[in-house]
Amino acid sequence: MTLRCLEPSGNGGEGTRSQWGTAGSAEEPSPQAARLAKALRELGQTGWYWGSMTVNEAKEKLKEAPEGTFLIRDSSHSDYLLTISVKTSAGPTNLRIEYQDGKFRLDSIICVKSKLKQFDSVVHLIDYYVQMCKDKRTGPEAPRNGTVHLYLTKPLYTSAPSLQHLCRLTINKCTGAIWGLPLPTRLKDYLEEYKFQV
């Protein structure tokens, strides 16, 4: 991963999302830097990106939440940009998001990494796993061998999402054919900016 903090964050750890950049020329961003910037803009539109937050703050936010509730925050580990904090049956836990070669994936042990799906954006990664959990979870399962099932079902918003964004999510859940809808072009452009269901 070729990320560096552009300015000190004051907490001895990492910077906030706006402080991260890629190594290279400041005048003309590389294609990878442009992809990362686009992915972070998308993440900023979600309403469930919390920015700089400690592990303990994330645990406190998720403590009373139902199982499957999640948020995205800046990672406290300098080798990672972001972390998913999620409420499991055993309490809140954290999972790092790896960014490498212009792709995002969940961090895992080496023997499994090559099998994990990679995504162009964090929101696409989260959307994929939310849909996968929705399809696979039919009822409460008893964990085997001390394992804990991790489900991503519902984001924890920083504040109430706008009505526009909620409508966009509903439309995305109903159809993927935005340009076939009887809507003004400007509205279709708005819907096209965020094509996810979560």
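Glycine is treated like the rest: Cβ placed from N, Cα and C.
In Swiss-Prot, the feature phosphoserine is attached to one residue out of SER52, SER114, SER162, namely SER52.
Noted from Swiss-Prot: of LYS113, LYS173, the annotation ubiquitin cross-link belongs to LYS173. For the recorded positions SER30, SER52, LYS173, counting C-beta atoms within 10 A of each C-beta gives the highest total at SER52. For the region 'Interaction with AREL1' (1-75), the predicted model reports an average pLDDT of 74.
A coil conformation is recorded for SER52 (phosphoserine) in the three-state DSSP classification, outside any helix or strand.
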